[in-house]
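Asker: One structure coming up, written as structure tokens, with questions to follow.
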Amino acid sequence: TDYGSSLTISLPPALQPHQPFQIIVRYTTADGPAIWWLDPELTYGNAKPFVFTQGHSVCNRSFFPCFDTPAVKCTYSATVKAPAGIQVLMSTTQSTYVEEEGVYQFYMEFPVPAYLVALVAGDLIHADIGPRSRVWAEPCLLPTAISKLSGIVERWLTAAESLYGPYIWGRYDIVFLPPSFPIVAMENPCLTFIISSILESDEFLIIDVIHEVAHSWFGNAVTNATWEEMWLSEGLATYAQRRITTETYGAAFTCLETAFRLDALHRQMKLLGEDNPVSKLQVKLEPGVNPSNLMNLFTYEKGYCFVYYLSQLCGDPRHFDSFLRAYIEKYKFTSVVAQDLLDSFLNFFPELREQCVESKAGLEFERWLNATGPPLAEPDLSQGSSLTRPVETLFKLWTTEPLDSAAASSVDLTKWRTFQTVLFLDRLLDGSPLPREVIKKLSECYSSQLDSMNAEIRIRWLQIVVRNDYYPDLYKVRRFLENQMSRMYTIPLYEDLCTGTLKSFALEIFYQTQNQLHPNLRKTIQQILSQGLNPFPAIDTTAVTTDTPAMVLEDKASEATNGAISLRDVNVSA
């Protein structure tokens, strides 16, 4: 199968119960889904080769022999030899380096599941950004990373500790990876992996790193025992992330980000259908299905809504914080199932047990876990209305007939926050194709403005261009794809191009750019393109603009490549 075969080792008959024993397995690792080898051309510096691993969910079995389940945790150590000039890092609490031998020694002193074992090696240098944090990046990226994160990571860690107790992993370092990194971020203990292109957008960088900080408690310290209950890590981490952002950036910002994500959840719900079993929190994992294929917005946002609902039952979120501190202290370094969380909750709040809150009609805990469809209850986001109301007003101006172009174009998007602009553009995407007059006026009003904004915003405008077959701005799509090497930034546009009348245009761009793509990404795009080609009229798309790598967070029901739910609107941080 795609997931390897088991190695069964028979123990000697004379071995007594509970008697300690040692097993040595000699093995060779070559290519595998966990290991990503990059030629220098696929890095930012173009100077040295690079390698990183990505273990979630069940990939690390291709990296080393292991019990590849989140139910099993253990400490680990590793010896790594690397050429001079190649820096090696692993997700461990301790490390040493003998320069004369080029040998690194690593040791993780706390038990972790197999998927959190991670390695990266390449042209990496570091700088301290706090008393227990440093950033690692290629030399050309390090100044940007320092300027974006210096001082504030410690602020986030301190806020998290005030809510959920001590940070138990020692150091919290961050390594920025080349654009071939297949997801946004990964919460490897002591060493968060994150894609470098996110540095372009301050607000998305804040949310992504804080989410990974939250995983230090929810997911890493206490882990879901089965992949069928990933919400125990992702829903709790998303809740904790939003408690941290509320403490550090205020309730309005948190409500805006939540509104953006819940909008995406409902979009995915519409695409999948309310009866789709993947919308359950307790998803049934069929044999042969990769657990990562079950990662979707329900794991995060429906899980978050359930956790938020539990917090509201307490009356005061600070009381719920106290419960979560006790939950972490009780279960740290172990793996749990949903019943462990819910039993602990009711034991911590006996008055709620007496009220039988777990059986409240329409909001039963069992229904939260096993019903398909949207969340049974959603949070009150009224504290974010000062930021969300202008978005709703502008969207209505652009979509009400007849179009009042003077009023619609009077809003200056450069004054908005990133999450406001992406929420507005996402809603225009939902309404596409738009009337011809509207897309023409939108381009006249915003296209040049958006060119100067961050990548999160630009990618959305380009998707609007493609979904509306707006030829005057197609040259920007070409220029954008000519500068992309990440699946996060290429697949959404290729999918949109191949869904409409622009497949030949997509094929032409791919032939020009395929050599700059990682082989895995190249294969995925080839599969998208192979869905069939339509004749494409000659269009002048040669005008030049400057576009840099961008993040896309627009979700669809499925990827053309394998039928798995697309994760572009999710921090795929397991």
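Every residue, even glycine, has its Cβ placed from backbone N, Cα and C.
Note: TrEMBL annotation is automatic and uncurated.
The Zn(2+) binding site annotation in TrEMBL covers His211, His215, Glu234. Residues or ranges marked as active site, proton acceptor by TrEMBL: Glu212. The active site, proton donor annotation in TrEMBL covers Tyr300. The feature domain 'Peptidase M1 leukotriene A4 hydrolase/aminopeptidase C-terminal' is assigned by TrEMBL to 386-529.
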Asker: For the domain 'Peptidase M1 leukotriene A4 hydrolase/aminopeptidase C-terminal' (386-529), would you mind checking the mean pLDDT of the predicted model?
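Answerer: Mean model confidence (pLDDT) across the domain 'Peptidase M1 leukotriene A4 hydrolase/aminopeptidase C-terminal' (386-529) is 94.
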Asker: What whole-number Å value do you get for the CA-CA distance of Glu212 (active site, proton acceptor) and Glu234 (Zn(2+) binding site)?
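Answerer: One finds 10 Å between the Cα atoms of these residues.
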Asker: Within 10 Å of the Cβ of Glu212 (active site, proton acceptor), how many other Cβ atoms are there?
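Answerer: If we count other Cβ atoms within 10 Å of Glu212 (active site, proton acceptor), we arrive at 26.
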Asker: Cα-Cα separation of His215 (Zn(2+) binding site) and Tyr300 (active site, proton donor), in Å?
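Answerer: That comes out at 12 Å between the alpha carbons.
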Asker: Tell me the residue counts in helix, strand and coil for the domain 'Peptidase M1 leukotriene A4 hydrolase/aminopeptidase C-terminal' (386-529), as DSSP assigns them.
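Answerer: Computed counts for the domain 'Peptidase M1 leukotriene A4 hydrolase/aminopeptidase C-terminal' (386-529) are 112 helix, 0 strand, 32 coil.
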Asker: So which of the binding-site residues is most packed in, judged by how many other Cβ atoms lie within 10 Å of its Cβ, out of His211, Glu234?
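Answerer: Comparing the binding-site residues His211, Glu234, the most crowded Cβ belongs to Glu234.
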Asker: To the nearest Å, how far is the Cα of Glu234 (Zn(2+) binding site) from the Cα of Tyr300 (active site, proton donor)?
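Answerer: Per the Cα atoms, Glu234 (Zn(2+) binding site) and Tyr300 (active site, proton donor) stand 5 Å apart.
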